[in-house]
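What TrEMBL annotates here:
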- 1-19: signal peptide (SIGNAL)
- 5-324: domain 'FAD dependent oxidoreductase' (DOMAIN)
- Thr43, Ser44, Val166, Thr183: FAD binding site (BINDING)
- Tyr223, Arg278: D-dopa binding site (BINDING)
Amino acid sequence: MAAPKVAVVGAGVIGLSTALCIVETCPSCSVTVLSDQFSPNTTSDVAAGMLIPHTYPGTPIHVQKQWFKETFAYLFAISNSAEASEAGIHLVSGWQVFKNTPKEELPFWSDVVLGFRPMSEAELRKFPQHRFGQAFTTLKADCPPYLLWLEKRLKATGAQMYTRKVADLWELHSEYNIVVNCTGIGAHQLVGDAKLLPVRGQVLKVHAPWVKNFIRDGDGLTYIYPGIHRVTLGGTREKESWSLSPDPGTTKNIFERCCSLEPSLRGAQDITVKVGLRPSRWCVRLEREVLSQGGVKLPVVHNYGHGSGGFSVHWGTAKEAARLVGECIAALQGSSSRAKL
C-alpha cells in the first residue's frame, strides 16, 4: 500500500508528542495534526509542566512508572542539550511537604527523580506548619515554549498542521487511513466518553525571579513551581466544573496559600491568571478501536484522559500510542496484500 496517512486530532502536549513519536517510529507514514486550537490556546499551555506523577487508580503502577521513566529520560536528555532553553526544559530542586507523615513515604516514582530523600529537621524549619517532607530534583517544562518546540520538530519532519474542528472521527475516514484521538477533555463530546470529566484548574503566573526552589504541599492543592521566566502558583481541583472564567476569590485564596508556604511571594509582580480543564479519567485511555460503517473500516488509536499528570507521562504514552499505530499499519498492510491475492 502507499504511505499510510495518519491524522492526529489534538495539539496539546499529548497530541504533538504522539505525532512526533509516530513520525520517528513509522517514518513511512505521512502525519497530519488537526486541531481547533494550537498553542498558546491549549489546556497544556496553562499547565505548570512539573514532572511529579499523579496516580491513575485504573492503570497498573508498573505501567505508570514506565511511562514516567521514559518521559523523564527523554526530557533529561533535552535539558542536557543545546536545545534546553528553546524547549523550555530545566531541572528544578525543591520540597514536597506534608502536615502529617503520608502512608507512603516512598512514592513509586522516587527512584526516577534525582536525589530523592526525606527532608532534614533544619529544612523542615522553613515550613513550621508541616511535620514531614521529601526533597528531590525533577524536571520542568515551560509549556508554551515546549509546545512550540514540538511543533517546530514536527514541521522539520514534513508533518502537516491544520486548524480544523473535528466534530466526528468518522468524517476523516475518506482522507486518512488511521486516526489518533488526543483531544483531551474534547473527547467527552467527540467520542461520548462519560468516564471523562473536567477537573478545573486555576493558576497564577507571577514574576518572582528570586524563587528558585519548587514547593508542593503533599495534598497537591498548593504549589509553587519556578519556571525560566515566571513562577506558577496554584491551584485548584474543581471536579466537573466547565468554567474557563478566572474567579477573583480563588485568585486571592491561591495567593494567600502560596504566601503561607513562601512569604517572600508577597513581593511578586505582574500576576496573570490562567484556567484550564484537566481531562480526568479513572485511567488513561490508550487503546486501539476500529470504527466501521457500511463495510468501511477506520482504525483509531485513543490517547487521552491524562488528568493533571499529562506532562509527567506524555512521552511514555506517546511511545505506546505510536506502537499501536504501528500495529494498525501492519494490519492494513496485511489486509491489502491479502486483497491482492
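Including glycine, each Cβ sits where the backbone N, Cα and C put it.
Summary: among the binding-site residues (Thr43, Ser44, Val166, Tyr223, Arg278), the fewest other C-beta atoms within 10 A of the C-beta are counted at Val166. Its Cβ placed at the centre, Thr183 (FAD binding site) has 29 other Cβ atoms within 10 Å. The two recorded residues Val166 (FAD binding site) and Arg278 (D-dopa binding site) have their Cα atoms spaced 20 Å from each other. You'll find the Cα of Arg278 (D-dopa binding site) roughly 7 Å from the Cα of Thr43 (FAD binding site).
Along the domain 'FAD dependent oxidoreductase' (5-324), the predicted structure has mean pLDDT 97. The two recorded residues, Thr43 (FAD binding site) and Tyr223 (D-dopa binding site), show a Cα separation of 18 Å.
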